[in-house]
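> Dropping the structure in here first, questions after.
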Amino acid sequence: MSFLRSFARNKDISKVGRRGIHCMQKLCAEKISPDSLEKAQNRVIDAALTLVRENTGLRKNLCHSLGGAVATSTLLGVPLGHNSSFLEGPAFAPPFIREGIWCGSANSTTEEGKDLKDLRIMVDVGDIPIQEMRDCGIGDERLMKVVSDSVKLVMEEDPLRPLILGGDPSISYPVVRAISEKLGGPVDVLHFDAHPDLYDEFEGNYYSHASSFARIMEGGYARRLLQVGIRSINKEGREQAKKFGVEQFEMRHFSKDRPFLENLNLGEGAKGVYISIDVDCLDPGYAVGVSHYESGGLSFRDVMNMLQNLKGDIVGGDVVEYNPQREPPDRMTAMVAAKFVRELAAKMSK
């Protein structure tokens with residue numbers, strides 16, 4: 001019975017995720033002129049960016065009023081799930097992650113002793129209204145630009161640094177692109193994932209969640225890409241890694257690679273370090289609320305050891321692929337994703 005309920009929920013999600021497609025078809029059927037439609041879409045995009053700009057400016061002013069912050073982690077939700085090839089539930093993740101961050105079952109202090117209630121450590125500027133833009137028929141190329149522009153708006157407000165709540169992994173591409181363009185050069189990327197996400201295209205989708213790191217590498221936005229937790233990879237994934245010079249650390253060799261990975265020093269000669277955490281890097285026993293189950297993954301403490309021991313200036317990060325429709329009502333995986341956000345926020349801030 002629980003399977004049937006889950007199946008029904010996922011069918012509902014699929015309908016919601018395709019709302020933008022249906023809306024575009026309806027707009028075309030009504031014979032609205034392309035010029036009028038584009039003008040209306042541009043106004044919606046301007047409104048979305050204005051929302052991010054005003055929220056970001058307010059949080060910057062609050063940080064400045066307290067004084068002393070060099071880098072403040074800034075949560076920005078990107079509720080996008082339609083580029084997933086399987087389930088689109090990650091579009092609904094940001095509110096559940098936020099609830100996990102602030103729920104009463106844990107205090108606001110991170111493992112290294114930083115209090116997240118201190119606005120110099122972490123602020124939240126809300127979500128980009130992705131679905132509202134899709135409902136206006138705005139396609140992926142323009143959506144990705146809105147994500148990039150939103151990240152740049154965050155970075156314009158010193159000392160704010162972007163920490164993104166996904167969303168499916170396709171969002172990593174426009175975020176890393178924005179950071180690299182804003183800083184004037186490539187960053188080093190530490191990517192935790194069960195999958196390399198290096199397909200040139202997947203099922204004909206240039207912006208697929210399975211292609212995000214191919215887009216990053218071909219754009220020259222990453223100097224080094226280290227992928228940790230890999231255990232679902234085919235011939236194309238390995239060929240693409242070789243083509244782009246990606247350093248892949250597969251789970252079958254993790255015990256041998258652990259000493260190196262727990263003592264990383266990244267970012268020297270680059271514009272900083274970007275951390276991308278796909279929740280399915282973890283073994284499903286630690287995180288059932290993901291779209292793709294791959295047994296034999298990392299433990300939560302494995303990831304924390306690598307993150308907490310990392311040396312380098314972290315200029316941005318994301319936590320993606322949490323799917324609230326794939327777990328029981330206790331939302332345990334939301335707490336896992338929230339813990340990733342909390343500890344990454346602490347690591348980024350200074």
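Cβ from N, Cα, C; glycine included.
Look at Swiss-Prot and you will find ASP193, ASP197, ASP278 tagged as Mn(2+) 1 binding site, backed by sequence analysis. Summarising the annotation, Swiss-Prot assigns Mn(2+) 2 binding site to ASP193, HIS195, ASP278, ASP280 and lists sequence analysis as the type of evidence. Residues or ranges marked as substrate binding site by Swiss-Prot: HIS195, PRO196, ASP197, LEU198, TYR199, GLU203, GLY204, ASN205, ASN234, GLU321.
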> Roughly how many Å lie between the Cα atoms of HIS195 (Mn(2+) 2 binding site) and ASP278 (Mn(2+) 1 binding site), rounded to a whole value?
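Cα-Cα distance, HIS195 (Mn(2+) 2 binding site) to ASP278 (Mn(2+) 1 binding site): 9 Å.
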> Report the nearest neighbour of ASP280 (Mn(2+) 2 binding site) in space among the binding-site residues ASP197, TYR199, ASN234, comparing Cα positions.
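Among ASP197, TYR199, ASN234, ASP197.
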> Counting other Cβ atoms within 10 Å of each residue's Cβ, which of the binding-site residues ASP193, TYR199, ASN234, ASP280 comes out lowest?
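Counting other Cβ atoms within 10 Å of each of the binding-site residues ASP193, TYR199, ASN234, ASP280 gives the minimum at ASN234.
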> What is the set of residues, excluding ASP193, HIS195, ASP278, ASP280, whose C-beta falls within 8 angstroms of the centroid of the C-beta atoms at the Mn(2+) 2 site?
PRO169, PHE192, ALA194, ASP197, GLY229, VAL279, CYS281, HIS292, GLU294, GLU321
> For GLY204 (substrate binding site), which residues in the same chain are close in space, meaning a Cβ under 8 Å from its Cβ, but six or more apart along the sequence?
none
> With Cβ-Cβ distance below 8 Å and at least 6 positions apart along the chain, what are the contacts of ASP197 (Mn(2+) 1 binding site)? List them in sequence order.
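For ASP197 (Mn(2+) 1 binding site), the qualifying residues are PRO169, SER172, HIS191, HIS209, ALA210, SER211, SER212, PHE213, ALA214, ASP278.
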> Which number gives the other C-beta atoms within 10 angstroms of the C-beta of HIS195 (Mn(2+) 2 binding site), all protein chains shown included?
25
> At the Cα level, what's the spacing in Å between ASN234 (substrate binding site) and ASP193 (Mn(2+) 1 binding site), rounded?
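So the Cα of ASP193 (Mn(2+) 1 binding site) lies 15 Å away from that of ASN234 (substrate binding site).
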> In whole Å, how far is TYR199 (substrate binding site) from ASP193 (Mn(2+) 1 binding site) when you measure between their Cα atoms?
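Pair distance, Cα basis, whole Å: 14 Å.
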> Near the Cβ of ASP278 (Mn(2+) 1 binding site), how many other Cβ atoms are there if near means within 10 Å?
28
> Which of the three DSSP states, helix, strand or coil, fits ASP197 (Mn(2+) 1 binding site)?
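Assignment for ASP197 (Mn(2+) 1 binding site) reads coil.
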